[in-house]
Amino acid sequence: MNKGFKSVLVVLGYLMIYFSADLFVGLFLGLIMMTLYPVYMSGEITYDIILKNVNEFFYNNINIFIILSALMALLIYWLIFKIRKINFIEYINFSKLSRKDKVVCSLLGMAISIFLSSLLMITSIHEFFPNHSKTIDSVTKQQPFLLIIFSIGIIVPVFEEILFRGLIFNNLKHDLNIYFAIFAQALIFGFVHGNTLQMVYTFFGGIILALSYIWIRSIWAPVLIHIFWNSTSVILGFINVGGQISYIVLFTISTLTIILTTRNLWTNRKKGEENFIESDVEPA
């Protein structure tokens with residue numbers, strides 16, 4: 001079988017597991033809710049009433065749903081590697097980061113978040129994409145702050161980096177041109193985020209995350225960037241930054257920070273990254 005075609009099939013398999021875990025958790029929790037609802041509620045009970053309450057249940061517990069789906073998908077990925085007798089930790093590469101790399105990655109993640117938030121507020125471009133605000137609100141409104149930080153700020157970044165950089169990118173770079181692999185995984189990363197505006201900036205974010213993975217040769221680099229990106233975005237959603245001038249200042253500072261931190265990761269990259277690109281560990 002052609003290596004490129006095989007890589008595409010493997011990537012589709014990873015994505016199918018991801019979407020299937022979402023579907024399974026949704027159906028499982030939905031069935032429990034539909035079963036228990038008539039038991040604990042009095043008065044007229046119709047299918048429409050039950051369905052309405054199930055939808056409200058999901059909306060009010062979306063972050064728990066996200067956590068369970070991610071954990072289930074990760075378990076399945078781990079089992080696949082276990083069955084194939086491939087070391088999951090070694091394949092993904094969970095090497096420790098230096099203290100300097102931790103600081104640089106954290107600053108880069110925060111800067112990306114502030115850059116995007118400032119850019120959206122300065123240009124008001126988000127007003128042309130109402131679905132973007134609806135998507136953000138669905139995981140932040142009427143949710144406990146600590147739960148949002150845990151799910152969106154920690155669980156989601158860890159899961160997405162393992163999936164998109166650790167599994168999908170690793171698989172693509174093994175059989176395809178490295179530059180095409182970087183582009184393809186970023187494109188997939190953007191596509192699964194749903195709405196058009198998120199697709200655009202997560203595509204470019206996916207490129208930065210993949211480059212940090214190559215340069216530092218540890219999944220913890222993109223994970224840390226992603227954690228601080230998401231967590232900062234959550235925090236910014238709960239505070240009032242100020243007027244247009246404040247956003248322009250933040251935009252300028254964050255732009256410089258992105259340039260300097262990215263340059264730092266590049267200049268201090270692990271030497272011999274070609275050994276990382278041509279890994280001896282076979283793709284799953």
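Placed from the backbone N, Cα and C atoms, the Cβ positions cover glycine too.
Note that TrEMBL annotation is computational and uncurated.
Residues or ranges marked as transmembrane segment in TrEMBL: 12-37 (among others).
A Cβ distance under 8 Å defines the sequence-distant neighbours of the transmembrane segment (57-81), meaning residues of its chain 6+ beyond its ends; these are 14, 17-18, 21-22, 24-26, 29-30, 33, 87-88, 91, 138-139, 142-143, 147-148, 150-152, 155-156, 158-159, 162-163, 167, 284. Here TrEMBL flags 57-81 (among others) as transmembrane segment.
Within the same chain, residues 197, 201, 205, 208, 212, 216, 220-221, 224-233, 236, 241, 244, 247-248, 250-251, 253-255, 257-258, 261-262, 264-265 sit at least 6 positions outside the transmembrane segment (102-125) and bring their C-beta atoms closer than 8 Å to a C-beta of that stretch. Residues annotated as transmembrane segment in TrEMBL: 102-125 (among others).
Across the range of the domain 'CAAX prenyl protease 2/Lysostaphin resistance protein A-like' (144-231), the DSSP-based residue counts are 78 helix, 0 strand, 10 coil. If you look up TrEMBL, you'll see 144-231 marked as domain 'CAAX prenyl protease 2/Lysostaphin resistance protein A-like'.
For 145-164 (among others), the entry in TrEMBL reads transmembrane segment. Listed as Cβ neighbours of the transmembrane segment (145-164) (distance under 8 Å, sequence separation of 6 or more from its ends, same chain) are residues 14, 18, 63-64, 66-67, 70-71, 73-74, 77, 92, 139, 185, 188-189, 206, 209, 213, 219, 222-223, 226-227, 229-231, 234, 238.
If you look up TrEMBL, you'll see 176-193 (among others) marked as transmembrane segment. Here the transmembrane segment (176-193) has long-range neighbours at 3-4, 7, 11, 15, 18, 160, 164-165, 168-169, 199-200, 202-207, 209-211, 214, 277, meaning same-chain residues at least 6 beyond its ends whose C-beta is under 8 angstroms from one of its own.
Using a Cβ-Cβ cut-off under 8 Å and counting only residues 6 or more beyond its ends in the same chain, the transmembrane segment (199-216) has close neighbours at 97, 101, 105, 108, 112, 116, 161, 164-165, 169, 178, 181-183, 185-191, 193, 222, 225-226, 229, 262, 265-266, 269-270, 273, 276-277. Among the features that TrEMBL reports, transmembrane segment is placed at 199-216 (among others).
The transmembrane segment feature in TrEMBL is assigned to 223-239 (among others).
Residues or ranges marked as transmembrane segment in TrEMBL: 245-266 (among others).
Here the transmembrane segment (245-266) has Cβ contacts under 8 Å with residues 101, 104-105, 107-108, 110-112, 114-115, 117-119, 121-122, 208, 211-212, 215-216, 221 of the same chain, all six or more residues outside its ends. Below 8 angstroms of C-beta separation, residues 45, 50, 53-54, 57-58, 61, 65, 68-70, 72-73, 76-77, 163, 167-168, 171, 188, 192 of the same chain, each at least six residues beyond the ends of the transmembrane segment (12-37), sit close to that stretch.
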